[in-house]
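Asks: Okay, here's the structure, questions in a sec.
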Amino acid sequence: MTQGASVIDGKAFAEDLRARIAVAAAQFEVHAGRKAGLAVVLVGEDPASQVYVRSKGKQTVECGMNSFEHKLDENTDEGALLDLVERLNADPAVDGILVQLPLPAHINEQEVISAISPDKDVDGFHIINSGRLSVGLPGFVPCTPLGCLMLLKDKLGSLCGLDAVVIGRSNIVGKPMAALLLAESCTVTIAHSRTKDLPDVVRRADIIVAAVGRAEMVKGDWIKPGATVIDVGINRLPPSETSPKGKLVGDVDYASAVQVAGAITPVPGGVGPMTIAVLLRNTLVAAHRNAGVAFDESTL
Ligand SMILES: Nc1nc(=O)c2c([nH]1)NC[C@@H]1CN(c3ccc(C(=O)N[C@@H](CCC(=O)O)C(=O)O)cc3)C=[N+]21
């Protein structure tokens, strides 16, 4: 049996990134004569979403940026939401716009995302930004996959030539993650719910990114000894004796994986905190671009 994996501390990495963002945000304010600003739009009352919106707002302010929160009623119609997005697009105090997903079923998500100015699309969900990512042009990259890439490069240095398997093909995580790994010259496989012999596919990988949304699906005996495992999943198990609120687990069976992997992200405290830190990073990058203030984006 191996020694066991080193645990990748996403929470600590995110704290360090936020400290660097705060320094750069203060410099931006000196040069631009205003703070960078992030607008977050929440439609409806989903309790989990409200928690994320609160912690985003708090961390935005802690980093020296303005946070504008817009909470709309669950029954808001699409036209009213599109009007709000138009106002935020035109507002010079707003550098980044995030419309919290999922939206209520009566609203067409793609219409709303397409209405956000690509220059303020700090989530990187607009098709202009996914197109830019896929052809290698500068734009905005979705926060979760960019956060995963930062952790991987911090742990491994160059990723050139490594075998990477991304499990999951969502527009938000799987597809952009694969594009980023390809740009780092990995050999990339995108696996998903219909992949045949998934354990064998995963066993080839030096890098595994699990983003399927199925609790503890990836088992230790699927993992090549020494591989680096990035767990994007956040699943709440049913309440039990020991965890009355339901334990938070990833898409990886941590107990077995930690025995075999070389390095692994925990849940919580891994990818989740990185997502918010990268959102703030993207907002500050947007602010410099939109205000025409020079900035070396590679420092964040
Ligand atoms: N337009 C849009 N952009 C998003 O980025 C977006 C969204 N909509 N909708 C909801 C999801 C979810 N999300 C999370 C961010 C951070 C944590 C996070 O920091 N989690 C902590 C703690 C979680 C807990 O304790 O509940 C952790 O993993 O350690 C989780 C989830 C961003 N999302």
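Here, residue 1 is simply the first one shown, and the rest follow in order.
Note that Cβ sites are derived from N, Cα and C of the backbone, with glycine treated the same way.
So TrEMBL says this about it:
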DOMAIN    8-123  domain 'Tetrahydrofolate dehydrogenase/cyclohydrolase catalytic'
DOMAIN    142-290  domain 'Tetrahydrofolate dehydrogenase/cyclohydrolase NAD(P)-binding'
BINDING   Gly168, Arg169, Ser170, Ile234  NADP(+) binding site
Asks: The record names Gly168, Arg169, Ser170, Ile234 as the residues that bind NADP(+); what is their largest Cα to Cα distance in Å?
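Replies: The span, Cα to Cα at its widest, is 16 Å.
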Asks: Would you mind giving the whole-number mean pLDDT across the domain 'Tetrahydrofolate dehydrogenase/cyclohydrolase NAD(P)-binding' (142-290)?
Replies: 97
Asks: Let me spell it out: for each of the binding-site residues (Gly168, Arg169, Ser170, Ile234), count the other Cβ atoms within 10 Å of that residue's Cβ, using every protein chain shown. Which one has the most?
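Replies: Buried the deepest by this measure is Gly168.
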Asks: What is the three-state DSSP composition of the domain 'Tetrahydrofolate dehydrogenase/cyclohydrolase NAD(P)-binding' (142-290), stated as helix, strand and coil residue counts?
Replies: 60 helix, 26 strand, 63 coil
